[in-house]
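The ATP binding site annotation in TrEMBL covers Gly35, Gly36, Glu37, Gly38, Ala39, Gly40, Lys41, Ser42. According to TrEMBL, the feature domain 'Thymidylate kinase-like' maps to 33-224.
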Amino acid sequence: MPPRKTDKAEKADGNVTALRRARAPAPGRFITFEGGEGAGKSTQVRRLREKLAELGIEAVATREPGGSTGAEIMRHLILSGAAKPLGPLAEAALFAAARADHLDATIRPALARGAWVVCDRFADSTRAYQGVLGNIDPRLIAALEEVTVGDTRPDLTLILDIPAEEGLSRASARSGVAADRFESEGVGFHRRLREAFRALAENEPQRCVLIDARPDADTVAEAIWTAVQERLRPAQPRRRARR
């Protein structure tokens, strides 16, 4: 048997452990935004990142598909409509490949260093677009998600809710931006999409918050910040004492 450590040695070990804990970064937080087209997700992702930065919290704003070099290549392929003839299953596989690169290159490194990640769409969009609207077996969607996402799950998902007609009107009013693969779908598609996201919020209330996206951007931002404060309680990092 190894010799028993003295009280002095045990105290020293305890001090080293405490020092390591003090130096370790606070755990990062993962917030995702979901919802239909024209709901204002990109605007609110940017505003939330800026709000967190005002508190001294490092926040990384990112998006899906995209958010990393490899995933941005996939984004162009998917949103251009080039993969549409291959069907929803092929699109789901492309989204999964893009998500895997995004997680490894951007999301997980940011969370590991204690940053907050604010992401415009994530795995719930695959559940809604390819799962519900594409009629892919939910078990297959869940299997793809498990392999790709693993334990890197959102701490909070904010679902921006807006009637399909209003969202499409907003999307079409964007200056100089052509409709992408999904925005080009008919209003019936987008009504079903809205219901899919609303069902998600109802089924997972511990993670998801439904936000009314019809008001002006300032009002929506206030509702989002209230939800973030209630669910995640962001605080300013402690400042080091002056010597």
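Each residue, glycine too, has its Cβ placed from N, Cα and C.
Around Ala39 (ATP binding site), taking its Cβ as the centre, 25 other Cβ atoms fall within 10 Å, counting all chains. Excluding the listed site residues Gly35, Gly36, Glu37, Gly38, Ala39, Gly40, Lys41, Ser42, the same chain places Leu160, Ile162, Gly167, Arg170, Ala171, Ala213 with Cβ atoms within 8 Å of the centre of the ATP site Cβ atoms. In the three-state DSSP reading, Gly40 (ATP binding site) counts as coil. Counting every protein chain shown, the number of other Cβ atoms lying within 10 Å of the Cβ of Gly40 (ATP binding site) is 22.
The Cβ of Gly38 (ATP binding site) has 23 other Cβ atoms within 10 Å, all protein chains considered. A simple Cβ count within 10 Å picks out one of the binding-site residues Gly35, Glu37, Lys41, Ser42 as the most packed, and that one is Gly35. Around the Cβ of Gly36 (ATP binding site), the number of neighbouring Cβ atoms within 10 Å comes to 29. The average pLDDT the prediction assigns to the domain 'Thymidylate kinase-like' (33-224) is 94.
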